């Protein structure tokens, strides 16, 4: 009887969710297709996918994760991401492959819209409103760039942050707090988002004030523990010296700086404007939206080093903002739906969809556009020469390789080719260089084409090494 009842429940669920399930499946396949091909094209890098994947792989072998940083150092010397290891490691027991984490990551990103849909249903919103905002979330340029950056700690938190909001909105208290702790474990600066959520709940959700207070306290103390105890401990264990959390916020600046730092570059202004525009400026209507926007932009623009990577829509820095703006947009529509006529609602929904299409297709040329680029698959087919090169690289002893090759050696004793001095310090058993002109400069970052060429000449004249592979711009050396 229980089995039949479960089957009946599942049939009813799939029948009522057929459209969003099809969207979820299609979206997942888009991400899988994109990321697997990018991997095969050698367009994924050690910084940051490779060292995250390496830590996961080591954890799956019940080893303390290490990564190459001034020699081997503990993986937690900059961020503490225990949840990443707990989430991905078990899959390596079943599938020991460099693609394992990429496939799981793609599935996690792909199912996030389904969770978002359930939030919209819980808020009793019209289906066309939910779908328009899901479209805004799925194709937001900040989220597309998060996905194309591959497996990263904060990126992996996205589906769980979305699920956390579902638990909050449906008042599933136990699930909510379990997700609070698990989400914090992806990256310590999520503690600021959790703290801010707690403040919002305490002020605006009167039936959950106690839960809001607990949430804020958990976020506050978690941030302190990680920044003041856990990360400094691993720095000391790695380097034998006392060190502080490298992303310490700077509260010493003047109030004038604090305010102007939000808008003092064109890139910051663009990030703020486009993020709100993508969601039809709806996050501005609900207090959750402006509280969450404030904490996100304060972190990226004011309190920490405001580099172009951090302040822009590229890389992965809009990962959590994508979820926060989506949820606050749903809440804004819930607030407005009895005040707006049906025609106005359709106009807003259509405006959002058209805006997202315009931003993706004509302004930013989002990464998902590679899917319908006829040359995309041809690039994959033409990369067999790189596979042949990698297969020539011996996998015994210390292996030194560059940024884009290292993701193929993260299960070995690898070292990153970063300078001639570092080569001299490590004196690896194997070193491979590929400085073909015209390739992505990230392929050999932090080296340059010129430095790679000089290093190849230097090693050729080093009596401790012999050349086992040579092609105009590609070399493999091994120790005698």
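Positions of Cβ are set from backbone N, Cα and C atoms, glycine also.
Unlike curated entries, TrEMBL annotations are predicted automatically.
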Range annotated as transmembrane segment in TrEMBL, from 149-170, 215-236, 237-258: 215-236
Range among 128-148, 380-400, 401-421 that TrEMBL annotates as transmembrane segment: 128-148
Stretch carrying transmembrane segment according to TrEMBL (options 177-203, 447-473): 177-203
TrEMBL annotation of transmembrane segment - which of the ranges 61-79, 346-364 it falls on: 346-364
When counting Cβ pairs under 8 Å to the transmembrane segment (177-203), the leader among 272-295, 315-334, 346-364: 272-295
Contact between the transmembrane segment (272-295) and the transmembrane segment (346-364) (3 or more Cβ pairs under 8 Å, separation 6+): yes
Leading stretch by Cβ pairs under 8 Å, where the reference is the transmembrane segment (91-116) and the options are 20-40, 128-148, 315-334, 346-364: 20-40
Stretch among 20-40, 128-148, 315-334 sharing the most Cβ pairs under 8 Å with the transmembrane segment (346-364): 128-148
